[in-house]
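Let me begin by presenting the structure, written as structure tokens, before commenting on it.
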Amino acid sequence: MAAPRSCALWSYCGRGWSRVMRGCQLPRLRSSWPGGPLGARLLSQEKPTTETHFGFETVSEKEKGGKVYQVFESVAKKYDVMNDMMSLGIHRVWKDLLLWKMHPHPGTQLLDVAGGTGDIAFRFLNYVQAQHQRKQKRQLRAKQNLSWEEIAKKYQNEEDFLGGSHVMVCDINKEMLKVGKQKALAQGHKAGLTWVLGDAEELPFDDDKFDIYTIAFGIRNVTHVDRALQEAHRVLKPGGRFLCLEFSQVNNPLISRLYDLYSFQVIPVLGEVIAGDWKSYQYLVESIRRFPSQEDFKEMIEDAGFHKVTYESLTSGIVAIHSGFKL
């Protein structure tokens, strides 16, 4: 991200970027001594550190960024395994449903935020590739007079097998991106895929750039959810779509009690046994309980400027998919 002036630099700290001023000419003050009238006035106007939540713990906003970064740095290598264990594999179905709801077509430009390990990105690439191949087959059937060489050439054109589609995976955590890149190599994903280190609250992209913005199981970890939503709105093209898959509030009392029991008594134990990290998974469970309800989150999305905002609860409300459009 380029600084608007030469005297503004960006420094990375925790899960966010902060602007640091260098070499700027400040207006001369009559008195800079703290005991003088101006110094006393400046001291009295200092704002107290804003507090937020880190799971059930109250921390400063600056502190939360660092703590969340450490959580995902710690769990990155076991992240996918733990997702399978914690959800009994159901997270795969939830992500498939997100792609089904997205229904991207060849040529779609997708931004997947907090998508470090690539689960949404790889599904997107597979989906648009299958779509493009079906389109090619229909075109070939319509042209019965093509020679074998012409048909083979059309199928061998690797640059076009995604139909111009591209996915930008943006994550603030280097370790998560590292795992995603390793998975991409193992699964043979090369074309149509870019990895970017960036903050959801201050995306390093131009305005009106993407057709679709997705964030799956990531937005509840953002310090300022409203800022992340505003950034999503900014980088989407007019007519672009916002899609969020996130844990939500269970709407069945019996299932809610069982879900709480499993979440607080089983998931941290799994975290300790499989990933050697009880505290990180205790935080993840607590962060789910602190996230807004389906209706409250819908209102937040609308406040960010999105229209036609809807949501669909899955598995009795354990997760929900929220959708909105930039019009």
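Every residue, even glycine, has its Cβ placed from backbone N, Cα and C.
Quick caveat, the model's predicted, so the values are computed rather than measured.
So that you can see what the record holds, here are the features copied from TrEMBL:
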{"type": "BINDING", "residues": "T117, D171, D199, A200", "note": "S-adenosyl-L-methionine binding site"}
A200 (S-adenosyl-L-methionine binding site), number of other Cβ atoms within 10 Å: 25
To see if you understand the setup: which same-chain residues, six or more apart in sequence, place their Cβ under 8 Å from that of D171 (S-adenosyl-L-methionine binding site)? V113, A114, G115, G116, L177, G180, W195, V196, L197, G198
Largest C-alpha distance in Å for the S-adenosyl-L-methionine site residues T117, D171, D199, A200, as a whole number, is 16
Test of understanding: give the count of other CB atoms lying within 10 angstroms of the CB of D199 (S-adenosyl-L-methionine binding site). 23
So what sits near T117 (S-adenosyl-L-methionine binding site) in its own chain, CB-to-CB under 8 Å and at least six residues off in sequence? A76, Y79, D80, M176, V179, G180, K183
